[in-house]
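Per TrEMBL, the feature transmembrane segment maps to B:40-63, B:70-91, B:103-122, B:129-152, B:172-195, B:216-243, B:276-295, B:301-323.
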Amino acid sequence: MAEPVLEILELRKTFGALKATDGVSLTLMPGEIHALIGPNGAGKSTLIHQISGSIRPNSGTIRFLGQDMAGLDMAARARLGLGRSFQISSLVQEFSALRNVMLAVQARQGSSFRFFRPVMGDPTLTEPAMAMLERVGLAGRAHMPAAELSHGERRQLEIAIALALGSKAFLFDEPMAGMGPEGSKSLTKFLDGLRHEAPILLVEHDMDAVFALADRISVLVYGRVVATGTVDVIRNDPEVRRAYLGEAA
Amino acid sequence: MTNASLMTRETIVNVLLALLLLAIPLGASAMGEPFYITLATRIAVLALAAVGLNIALGLGGLVSFGHAAFFGLGGYAAGVLATHAFDGVPLFAGIPGTDSMPIIWLVTVVVCGLLALPIGAISLRTTGVYFIMITLAFAQMIYYFAISWPAYGGEDGLSIYVRSAFPGANAAQPLPFFLICYAVLMTALGLFWLLRGSRFGAALQAARQNATRLSAVGIAPFNIRLVAFAVSAMVTGVAGALFADLNKFVSPSMMSWHMSGELIVLIILGGKGRLFGPVAGAMLYVLFEFALGGITERWQFFLGLILLGVVLFARGGLLGLLAGKARHG
């Protein structure tokens with residue numbers, strides 16, 4: 001079996017008495033979409049935050065491409081290729097969609113301490129950024145300030161940014177949230193193709209999308225992984241049905 | 001193309017402001033009114049100090065309440081070096097003083113940069129009101145240090161007997177000195193413009209608006225802000241050196257928190273983050289100081305009212321009123 005791209009071992013995080021992450025272990029394999037589902041408050045976002053580096057775990061190990069992430073901040077992890085989207089869109093509001101993506105291109109080129117050359121006339125920034133916007137279908141809105149984009153467009157823009165980083169793994173936190181059925185459908189199709197570029201750890205409430213996309217599903221309840229398996233296994237797991245899918249056992 | 005027309009409008013306003021600032025002293029010189037040349041020089045120097053602060057505050061959102069420290073350091077660099085040159089006494093270890101402006105500016109830039117790095121590195125661990133307070137605290141430390149150093153005048157300040165020299169210009173005369181200050185201001189504005197449009201500027205403005213997003217693409221906001229803080233301090237420092245040469249006097253009051261506040265006021269009046277905001281702000285400020293100051297000693301009360309009006313009704317400052325909303329590519 002291939003080496004996992006992302007490996008999480010016995011991760012623990014408490015907030016006071018609350019065990020937000022209670023001994024979570026999971027892996028993300030090359031080419032897969034690994035969906036993380038669970039009821040509200042199960043600790044899905046907290047887990048994503050710990051992987052991306054915005055929250056420090058109390059104990060446990062996160063390995064990305066074989067490297068221990070302990071002690072690396074969010075920016076350092078992003079530079080290694082851990083691309084994320086946020087549960088609530090997090091963009092540079094006054095910048096246009098294009099400039100938001102250009103920032104990621106610039107970061108990937110590793111060159112933010114350049115003080116004189118104007119970015120807007122720099123094809124090494126504008127061209128790759130435009131290409132990413134085209135891929136997610138936002139090219140027509142390239143010059144619109146992020147603040148003026150619709151909710152769905154902002155989600156698309158977040159994904160374009162993650163793509164522009166040349167990420168080696170994606171952490172997507174509810175990318176479908178608030179999208180209409182059409183938007184969800186086209187994003188589902190897009191993510192389906194994306195897995196071959198880099199594996200995706202997907203937190204999502206839209207069960208149609210999860211069942212359509214996931215190679216494996218992990219179910220998180222009260223900070224614990226109660227089950228991991230293929231779509232069929234999870235659908236038929238009695239404990240999952242009881243704890244999450246809301247059916248009487 | 002509303003964007004393009006707004007840009008043109010702001011450019012026109014900027015050019016007009018630049019020409020106006022140049023026209024005042026030229027006209028005053030022709031009419032033999034050197035006082036107005038001094039007034040215009042004061043505008044240029046204060047504007048330069050605010051251009052420096054505008055890098056940190058306007059672009060980076062770093063409300064430094066301690067930039068007077070760098071303004072004063074520039075002033076003392078000019079005063080101390082000129083005094084040693086005048087007296088013919090070496091500074092230390094046989095290094096002589098100097099009355100050459102370019103060398104004084106170079107020393108200022110180095111000193112301010114070297115001091116801004118540790119001050120920034122500590123202050124930038126905090127944000128918001130704590131950042132404001134910690135920059136204030138550092139500036140007050142330097143202020144009291146200047147007060148308690150009798151060798152350079154202590155509380156009384158230090159007189160500069162002969163204004164420092166600039167190669168190829170008679171800087172002792174008001175008009176050539178104005179032109180020197182004006183040229184430095186225009187250079188600083190050019191640097192600000194380049195900086196704002198560059199990769200560094202993009203990262204700095206992103207750090208102001210959404211630092212988490214900047215981290216998520218792999219750029220550490222701290223490093224960007226620290227460099228911006230240092231560059232900002234250097235520019236404000238050079239303004240301080242010119243201010244000392246303008247008044248032929250430097251005192252700890254240049255470093256007091258009043259001065260820090262004044263620089264912030266200039267930026268708010270003119271329009272923060274705007275290229276010519278500091279110029280418009282300094283023009284307004286000096287105009288009030290001169291016009292209202294002639295009528296009442298309590299002119300700052302009226303300045304306060306105007307500032308209140310700007311903050312409540314015209315967030316974009318004078319530039320916002322003249323040139324419309326700021327444009328972001």
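Placed from the backbone N, Cα and C atoms, the Cβ positions cover glycine too.
Unlike curated records, TrEMBL annotations are generated automatically.
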Residues from the same chain, set at least six apart from the ends of the transmembrane segment (B:216-243), whose C-beta lies under 8 A from its own: 45-46, 48-49, 51-57, 59-60, 62, 64, 67, 70-78, 101, 104-105, 108-109, 111-113, 115-117, 119-121, 123-124, 180-181, 184, 188, 191, 195, 200, 203-204, 206-207, 250, 254, 263
Leading contact stretch, B:40-63, B:103-122, B:129-152, B:172-195, B:301-323 vs the transmembrane segment (B:70-91) - CB distance under 8 Å: B:103-122
Distant-in-sequence neighbours of the transmembrane segment (B:129-152), which means Cβ under 8 A and at least six residues beyond its ends: 62-69, 72-73, 76, 79-80, 83, 119, 122-123, 158, 252, 255-257, 260
